[in-house]
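Student: Among the features that TrEMBL reports, UDP-N-acetyl-alpha-D-galactosamine binding site is placed at Phe81, Ala82, Val83, Tyr86, Asp171, Val172, Asp173. For Asp171, Asp173, the entry in TrEMBL reads Mn(2+) binding site. Summarising the annotation, TrEMBL assigns active site, nucleophile to Glu263.
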Amino acid sequence: MEFSNLCVDLANLHCLTSERQRLRHVLYVYFSFFSERPNRRTDVVSVTPWLAPIVWEGTFDPVLIDNIYKPMNLTIATTVFAVGKYVRFLQDFLETAEKHFMVGFNVHYYVFTDRPDDVPSVNLNQGRHLRVIQVPGSNRWQEISARRMEIIQTTIERQIRREADYIFCLDVDSKFHARWGSESLGRLVAVIHPGYYEQTHDRFPYERRPASTAYIPMDEGDYYYGGAMFGGYVADVYTLTKVCWNRFEEDTRNYIQAAWQEESHLNRYLLDNKPSKVLSPEYLWQDLKAKTKEVKVIRFSGVIKNYAEVRPNV
């Protein structure tokens, strides 16, 4: 951890809700600064221009971080949408999550589906629970994608805000392959899209039409973030989903749809509201993409699929 990162992490203390959490956060920051310096990566960028950490293998001590966070008895909410034929991916998602995702933490899975009877029975570890929430299906995958922000926002209001400390919103057509743990926790967390982490921002597929509320000019941009993962404190993710949904609705009233639906609005939001932690493409790889030398570990990846077969329309 660089000295600048240490200062930023200490500045985030006001976001924590108890003296106990603040003390443990100080301990984590202090020991991370002294323990991680000998093992830091030099082949990748590990800090953003606004001094947020970018998490790669070799930039954190998993034992140290777990020893700080696990005694807090945190609960992590995890949302996935298994609508239509996408319910077929749910079993692999859950089974691999139980092996690799936030092991040793309380995890509440919120599965949104129009096929509750098709949700598989998966053995969950102690402290981990699954809730099935029925949602309407759709004949257009774009509508399913767009409504995700609205549904997450509503569910946080009604339920999640009373049940969890952090939340991760993930795509169901994915698998976990290796540790995804407390190193990913932060106030507002985004992941760098694996297809664009080596590109400059003028090559990113941002929404480029000024008429859209997701518009990003050619000379602006930080990273291209993947829409298959975003997370953070429940309150911060609530604000993100509310703003993105309102902007999507405004675009709809103006008869425009952003280039990549919710992902476009997510990138606009994160340009204005910088994430406090950025996850490297290790946390959102693509099975169809060969692993590069910078990616030492693939932790989570989107599976290969026939979109024409699983989506109601293409």
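Glycine is treated like the rest: Cβ placed from N, Cα and C.
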Student: Counting Cβ neighbours within 10 Å across all chains shown, tell me which of the binding-site residues Phe81, Tyr86 comes out on top.
Tutor: Phe81
Student: Cα-Cα separation of Asp173 (UDP-N-acetyl-alpha-D-galactosamine binding site) and Glu263 (active site, nucleophile), in Å?
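Tutor: For Asp173 (UDP-N-acetyl-alpha-D-galactosamine binding site) versus Glu263 (active site, nucleophile), the Cα atoms are 16 Å apart.
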Student: Expressed to the nearest Å, what is the distance separating the residue listed as 'active site, nucleophile' and Asp171 (UDP-N-acetyl-alpha-D-galactosamine binding site) at their Cα atoms?
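Tutor: Given the Cα positions, the residue listed as 'active site, nucleophile' is 12 Å from Asp171 (UDP-N-acetyl-alpha-D-galactosamine binding site).
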Student: Can you list the residues of the same chain, besides Phe81, Ala82, Val83, Tyr86, Asp171, Val172, Asp173, whose Cβ falls within 8 Å of the UDP-N-acetyl-alpha-D-galactosamine site's Cβ centroid?
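Tutor: Those within range, site residues removed, are Val80, Val87, Phe89, Leu90.
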Student: Mind computing the max CA-CA distance among Phe81, Ala82, Val83, Tyr86, Asp171, Val172, Asp173, which the record assigns to UDP-N-acetyl-alpha-D-galactosamine binding, rounded to whole Å?
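Tutor: Result: 11 Å between the two most distant Cα atoms.
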Student: Check each residue in the chain of Ala82 (UDP-N-acetyl-alpha-D-galactosamine binding site) that is at least six apart in sequence and keep those whose C-beta is under 8 Å from its C-beta; list them in sequence order.
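Tutor: Expected: Phe89, Leu90, Val111, Phe112, Thr113, Arg115, Val119, Val172.
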